[in-house]
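Asker: Below is a structure I'd like to ask you about.
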């Protein structure tokens, strides 16, 4: 007999009650089949099925069954509850909490539902915290990396995320990554066939070493030196460069040299500030020298040995070679590295490898064809390189010989080798080591020069040129060796244009110093003149540059003339023709590289020629040439930065000239020494006119382009170059009437850049001084719009350094005075930057102008409540604000009070009286004033001052003494002659338009229109009278005096002077208008 759906449901309930869930499932499923469309029966059966599947932990089927029940009855609470529980079990908390929220709306008082929703919400919070925790993030990333099936597009973001976590969390994240069970997967990924993945894995290890240096040895051991060098030698430039960078960071982590340098620099700086200690210029006397730990010497020595072996390997890519040279440059010398110079140089073969790289750095690509070599009668490849070429031919995918033999080099390799050689030579302490260094270089060059192959002679020229770019002294010694100069000159006359070019480059580099040029000038000039007529542009421009350098051998000394009169101007015109090419004539540019090269050589030649006074004047008169020179800065070619800066500095006479004292001049004459003569074009008046013409022609815009495009965050942004740019700006700011042009061209922004970063200390001070000049003569809010006027404060405070010249101190104080007068925000920033102690230091200076400027600056700063408190004021902390500033307290108040009595410097009196008046609203300051010896006598003299400006300040101070100082101070004033003076001041008449102003008022207003001075005097007189009247009314309120009929001010002054001149034993004379109470 067939069972009905109801019977099947009841039987399923019975099985469920007995715990026989599988049989219950069968009964309920059969019930659904036989329901014949009865939705009520189906709904109950599905709901019960969901409960059975929950008991069987089959959560997916439970969700399906509950969903079917809800399709029939959407608000079935049991089905909703069971589906929510199933979702919870499989971790789908979003769906679970959605069903639970529906349940709580249907049955808000159901405890089981409340427990469910609380449990699910707790899981959500816990899961979210785990996901966003550092450990959770790292686990999720390693879950991707550990999965062998993870695609590249998931592995790459995972590695990047781990790198980002280490950068954010630093050491904590590094330890979590390293201690993770799947951390070894990182070492598998550095061998990944995808180079991008491998490079990211190396970057991750690099960041781990940076944050946890103690892991460096372990990482190095796991990677092995063989693997590292193998990737360094990779034919893929991307792979090799990344590994070279990793190697650099590995050495930095192993040696911890950066941390040592940071600690050493901090100790040296601290020692400089500690004036109680004897000053030393040698860091080693302040901080112990660097010493590498014994257990690390082995790994570091192995790495450096392999790096040195790799530098002259033909398999190494040019970019990777440059990175390795940079690594050796900072890691070996003691100044920046571990101090292994002697150890590296004396080891067999190391030094020769570096020189071999120098030999391969010919400025021109040497691709001599077989036909040319056969004509010359030599093989195109030297025998000592044949085995390398044979190996190279067997290598797969290796590029052909590129520059200078078999070694691949870049345009920067020569300069990097020169820098390395210079650092090594300068790091050698003994003369014996330096002599051995020079001897090795000389032997290497002579071996090349005496070789029968002309390519060897070319390599010798390349080595000499590199030495002149680096350790110049060594290059000079090598050049002085018999036969070397002759070999270079013969090479310059070769029929091969490439050889001529290399020889010329070397000769040009060798003619950088006067004493060295004198030895070669007689032989070099005829050859250079002949080569200047060459049809090849490369040879022609180099010959021209050589002639330019030799033509101005005397520098700015007009008495030294190497060539006939007018020759330098002729050379300038040749450089003009070279510079004013197609682009200068307005035609579209073609051949950018060629134009850029010609432009660089032309600017280089003009830079040398501009040492001559005649050339300076000729160039300034040639407006077309001048504009073309300015245009070079706009084009942004980095290799033109230094010659362009030198050219502009020569034209504006921006370089510092050594001052020759009369005594030294007489001594030189007595010793029959040569005395340089100044050219008439270098006289101050002529120089000023030349600067004005240059600014009018667009120098301001050129300097802005030069600063922003060429010497800021570029390869040309060397501190020395930026210092010269700063000096040019300073020279231009000395033209007061042209400062507006400088400001409109962006000088403020450019100078801020130069004064804060990437500059020498002297350069920063020079840039700050130029900023000060711009701030003094114009409204700072116009010169530095927006918040930029706040940024000027820090560089200006650099000028208050005691090591700076007095002029820089003075101009810095004047500029800060202007900024402090603007608003409260600027005064706050100045105090935050520590301006107050520095300003106070100069208030005690012996120099009158420095003292006056400091007091004026302090007078403006005194408007800030924090300054008042620092000087002994009694303002509350809320009123004073949170700005902390150091001060000498009552000494400042006493000093200012004494300065009010200065009879020599009226400007100092005005500033001191203004500062006291500004702070006189504070009772604490007033009491300190009254503690000064004979303060009333000093105030009497000050109140009788004829200047309306000073009268205004002193009566303001006296009024505050009466009003804010209390009745005791007011009684002291009434008992003195000050009350008569206050009465006199309140009866002063207005200043008429015909009245002659006191001389003191005219002196204080110097530099301003007479009308403005008179209007200011009128305003001061009116304010003085009003303030004095207010003071007298307060005395009347106190009851110390009573008001009577006013008298003539002349009579009041007469009575005061009579009492003042009387004996001190006589009682003070009371004028009729004021009677003691």
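Here the Cβ of each residue, glycine as well, is placed from N, Cα and C on the backbone.
What TrEMBL lists as domain 'UNC-45/Cro1/She4 central' is 408-550. The repeat 'TPR' annotation in TrEMBL covers 43-76, 77-110.
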Asker: How about long-range neighbours of the repeat 'TPR' (43-76): same chain, 6 or more residues beyond its ends, C-beta under 8 Å?
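Answerer: For the repeat 'TPR' (43-76), the list is 5, 9, 12-13, 16, 21-22, 24-25, 28-29, 31-32, 35, 82-83, 85-87, 89-90, 102, 106.
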Asker: By Cβ distance under 8 Å, which residues at least 6 away from the ends of the repeat 'TPR' (77-110) in the same chain are close to it?
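Answerer: Result: 43, 46-47, 50-51, 53-54, 57, 59-60, 62-63, 66-67, 69-70, 116-117, 119-121, 123-124, 127.
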Asker: Based on DSSP, tally up the residues of the repeat 'TPR' (43-76) by helix, strand and coil.
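Answerer: So the counts come to 27 helix, 0 strand, 7 coil.
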Asker: Can you tell me the mean pLDDT for the repeat 'TPR' (43-76)?
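Answerer: So the average pLDDT across the repeat 'TPR' (43-76) works out to 86.
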Asker: Per DSSP, what is the helix/strand/coil residue tally across the domain 'UNC-45/Cro1/She4 central' (408-550)?
Answerer: 112 helix, 0 strand, 31 coil
